[in-house]
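Visitor: Structure in structure tokens, see below.
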């Protein structure tokens, strides 16, 4: 029997609410800095959340979170907090609450799909808020809470394990601090590179935030394409930012410490680079072979490389209209989104490491069949031998991800028969892998059912289907839960 203690969940949720309130103060502060009318909704909610959240966080409990409580608290973080933040956003923009909720979920999960139009007319404070949602959401509410609120540490320990299950330092608190520092350094470096390559300072900061977070929200309806048309050189630093954002934090830490050799020897990193090159080449080739694309070869190649890297790193910036891409190109980008970037990074998808495990498993199974079972079938990563439960966990999550994407695509196709299945599959993969590239399905005019499917995919994909798999495990028995742990 699994014990679920509501006070523990309330305490951790309260700490996260307090953090959300603190973040919301950025909106009225930026309004004041730009001489705009202060966003009353954000100001009021920031005060309410900081006060109420702090009081909830002071609830006295004797023990830390259980695994079930950690999963429930994390699930609440990616549903309740976007729901709360949707209210002032709805008030400020005078949009339906449902659309504001979609935008908030897309922001905090780091997806980047949007139902807003006329982004160029929005106040700087709201544009910054969209970037901040992704910047905070992708590293994880829990990491920020552990760094900023000392009282959260004991109760956030297991939740941290749910969201970013690897340690860099000896303690989880020091790990969170180290992650936070790396994140800030990369964000500042990205902003400087973008600024000196041609972006204005505001765009440079916000695009660095959403780039390093592999979120992809932009300040323009045409996304990054708007900036690219006037400052094409910004594509180079933005590619660097996206690639770094999708790189394993452990390797980034080693890179910053000067241990380049170990990074270069890492199997996941090597496959990550190979896949980036492969998808860049195949995407560009498929675009060049189409008669629907401009005859400007160099621009087509740049667009192909940029969009391929954006898709695989699950960032979501784009050059050109995704809806106008050839059928084959959409399928290539869809496959790259399904894989995603590296583990322990701000990305979605099944992750390169799991893809590597699947490839090794297929290779081992093939050799076993050919040799009649006489060859060694154990899977190695570097010097480590993986046990069967680790391999099974990778296969289970990959199967769940593919099933969710194809199911979502079928539901979208049923509700929007005017779009072909390739577009529906692309949109479903983009939502489930938390990417944000869109064929035009995600919009203010999309049916509520389509928005609901995309919201569900974004949340489940961000949590790597853990709540769903645990529910199935609870129904079928404890084995699934033990496998996931």
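The backbone N, Cα and C atoms fix where each Cβ goes, and this holds for glycine too.
Caution: TrEMBL annotation is automatic and unverified by curators.
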Visitor: For the transmembrane segment entry in TrEMBL, name the matching range from 119-137, 252-270, 271-289.
Guide: 271-289
Visitor: Pick from 202-226, 227-251: which range does TrEMBL record as transmembrane segment?
Guide: 227-251
Visitor: If contact means at least 3 Cβ pairs within less than 8 Å, sequence distance 6 or more, would you call the transmembrane segment (179-198) and the transmembrane segment (227-251) in contact?
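Guide: Answer yes: the transmembrane segment (179-198) meets the transmembrane segment (227-251) with 3 or more Cβ pairs below 8 Å.
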Visitor: For the transmembrane segment (271-289), which partner among 65-89, 227-251, 331-353 gives the most CB pairs under 8 Å?
Guide: 331-353
Visitor: Among 41-59, 65-89, 227-251, which stretch has the most Cβ pairs under 8 Å to the transmembrane segment (331-353)?
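Guide: Highest pair count goes to 227-251.
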